[in-house]
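Listed in TrEMBL:
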TRANSMEM  69-87  transmembrane segment
TRANSMEM  99-118  transmembrane segment
TRANSMEM  125-142  transmembrane segment
TRANSMEM  154-171  transmembrane segment
TRANSMEM  178-198  transmembrane segment
TRANSMEM  210-232  transmembrane segment
REGION    464-498  region 'Disordered'
COMPBIAS  473-487  compositional bias 'Low complexity'
Amino acid sequence: MVKESKPTGGLEWRINIPNGTTSKVLVPESKSHFRVWNGLRGLIVGFMSRIWKFFEKAWSLAVREPKKAIHGLKVGMALSLVSLFYYMRPLYNGVGGNAMWAVMTVVVVFEYTVGATLCKCVNRAIGTFLAGALGLGVHWIANQSGEKFEPIVLQISVFLLAAAATFSRFIPAIKARFDYGAMIFILTFSLVSVSGYRVDKLFELAHHRLSTIAIGTSLCILTGMLFCPVWAGNELHYLITNNMEKLAASLDGCLVEYFGIHANVNAKGEDSDKVLQGYKCVLNSKATEEVMANFAKWEPAHGRFYFRHPWNEYLKVGAFLRKCAYCIETLNVSTNSDTEAPDILNKHFSKFCISLSSCSSDVLKELAVIMHTMTKSTKIDLMVHEMNNAVQELQCALKSLSKETIIGDSKSGIEEGNKSTTVVPLMEIVPIVYISTLLIEIAARIEKSVEAVNELAIKAEFEQESTKKSKKIQNQQNPNQPSQGNQEDLTMKTLQKV
């Protein structure tokens, strides 16, 4: 072992290996403990920072979407109420000691929207009732068959009904609305049938299970509908409206970025890339729209939505919007391509493309206003006519490429009044022609969306814009009786639909 001096002035100990060619530095024990402590401190600080970031994200989510935070409070309140059946002796004895089934029911069926909660509650109640009734019937038949054939009858019934109920879950009509009920039917029937072989008081078991489920579902429905309800119909309505606004912003942003025009695309202060990528939200909204439309059918009349509201029409509107989003996605890829048209072609076509893009986005924004206010607009037909005129102008500009040459300013220092003919190769024309064709296709698909919204407005009985203005003026003139006429119209429309 040799002590050597370090270049920095310190000392270090080395051990010579027997081969004489290598040596090993001895690290003081205090330094190793210090490194271990630094490592542990780093792990603790990193763990605490991750927990802090998690709480920051949770807080930002609660501030951004307070409905979700309120939903958590509603679930906690429902569980607290249903737990009283377990804590209070009279209520506990009333349900035969099966109060835990009510707690489990609240945990399983309480969903974010009223429609989803109603769907699960009704499915669970109907599935439990049918399975309990059939289970009692099969148990009676098995008892009549004798002790020898009783387990055989029970096994055959469980096999046949479970197989049939499982297969029914693959049928689209049943899977869409009664999938959960079929699963509960299988569970309850198997429980009643199998346990009935050993349990004497089977009727009491079925009765207590049905009563506890009724208690749990009733509490979920009342809590979900009375305290800050979240309606699936409203969520679907706002989703379609927001998709229209996002498509309009994305369409404007693509052309403004491509032609290099300085405009206030991001008027609301969001990031420009986020606005341009808004069409992706539309492309990914199909599953959400279908789920919301399914749950909205379970909801009672509320707000501006009456009984038998045409929720399927929202799916048609959403499908046309996704077709527009596909074209906008292709347009966004084309505008970001490395292959660009000559500046002279961009200058020549920019006014036609920007005009068509502006008219198309204005139509989408007006559709969003129609959906938001649920009124039939008188301006939409005029806007569609202007959009079609812009399409014709762009088509005429495209036809001019095959008939005329593009005239541009000379670059060789000729006088200002002189012009020169510019010959553009075919491959350089392709990008601007492709972008123009996409804009024309987008306009055609937007026109289909207008037709779908008009059909929705007819079936949902949107008010005329003039009628709504007259009612507003009348309410301002008679402030003491603002809602009598509206209440009569609501009652008449509800009676007509029923």
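Any Cβ shown, glycine's included, is placed from N, Cα and C.
These figures come from a predicted structure and were not determined experimentally.
Here the listed stretches are 69-87, 99-118, 125-142, 154-171, 210-232, and the one with the most C-beta pairs under 8 angstroms to the transmembrane segment (178-198) is 125-142. Counting Cβ pairs under 8 Å to the transmembrane segment (210-232), the stretch among 69-87, 99-118, 125-142, 154-171 with the most such contacts is 99-118. Within the chain, the transmembrane segment (69-87) has long-range Cβ neighbours (under 8 A, six or more residues past its boundaries) at 61-62, 94-95, 99-100, 102-103, 105-107, 110, 112, 212, 215-216, 219-220, 223-224, 227-228, 230.
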